[in-house]
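Undergrad: What Swiss-Prot shows for this protein is this:
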type	residues	note
ACT_SITE	C119	active site, nucleophile
BINDING	C47, C50, C96, C99	Zn(2+) binding site
DOMAIN	8-130	domain 'MsrB'
Amino acid sequence: MEKVQKTEQEWEAQLTPEQFRVTRHHGTERAFTGEYHDLKAAGTYQCVCCGTELFTSDTKFDSGTGWPSFWAPADKTHVEEKTDRSLFMVRTEVLCAVCDAHLGHVFNDGPKPTGLRYCMNSAALKFVPKS
């Protein structure tokens, strides 16, 4: 998969201020404020920056956290994980494998079959309804 690389100025011109803050500066939207936290429609969730398919509605679940949550990515090679030691804690950050956009974090408190909870920011996603 070929990497997408742009300057900060190019990303800022392409994205809304909130999308830019979340995806390019590792921000987090406030709980229960994101567009997709309670969306139940069938479809796919793409990276808002580059359009890479990240998650599907088939793996989405209500975690009660106020952020869109999934128990698995659409394709494991479309996301990357790295250790995040910010805010005086250790978490696992989830990034788009194509453009390095910050998507959210993954935790080990999700449902079966994976036991994982990919806790994503709506601002990092673009929903495409199933046709």
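Placement of Cβ uses the backbone N, Cα and C atoms for every residue, glycine included.
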Undergrad: Across the domain 'MsrB' (8-130), what does the pLDDT come to on average, as a whole number?
TA: 96
Undergrad: For the residue listed as 'active site, nucleophile' and C50 (Zn(2+) binding site), determine the Cα separation and express it in whole Å.
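TA: Spelling it out, the Cα of the residue listed as 'active site, nucleophile' and the Cα of C50 (Zn(2+) binding site) are 19 Å apart.
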Undergrad: Other residues with Cβ within 8 Å of the Cβ centroid of C47, C50, C96, C99 at the Zn(2+) site?
TA: V4, T23, V48, C49, G51, T52, A97, V98, D100, A101
Undergrad: When you tally the Cβ atoms that lie within 10 Å of each candidate's Cβ, which of the binding-site residues (C50, C96) has the highest tally?
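TA: Of the binding-site residues C50, C96, the most buried by Cβ count within 10 Å is C96.
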Undergrad: Taking each of the recorded positions C47, C99, C119 in turn and counting other Cβ atoms within 10 Å of its Cβ, which one has the fewest?
TA: C99
Undergrad: Using DSSP, how many residues in the domain 'MsrB' (8-130) fall into helix, strand and coil?
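TA: Counts, helix then strand then coil: 27 helix, 40 strand, 56 coil.
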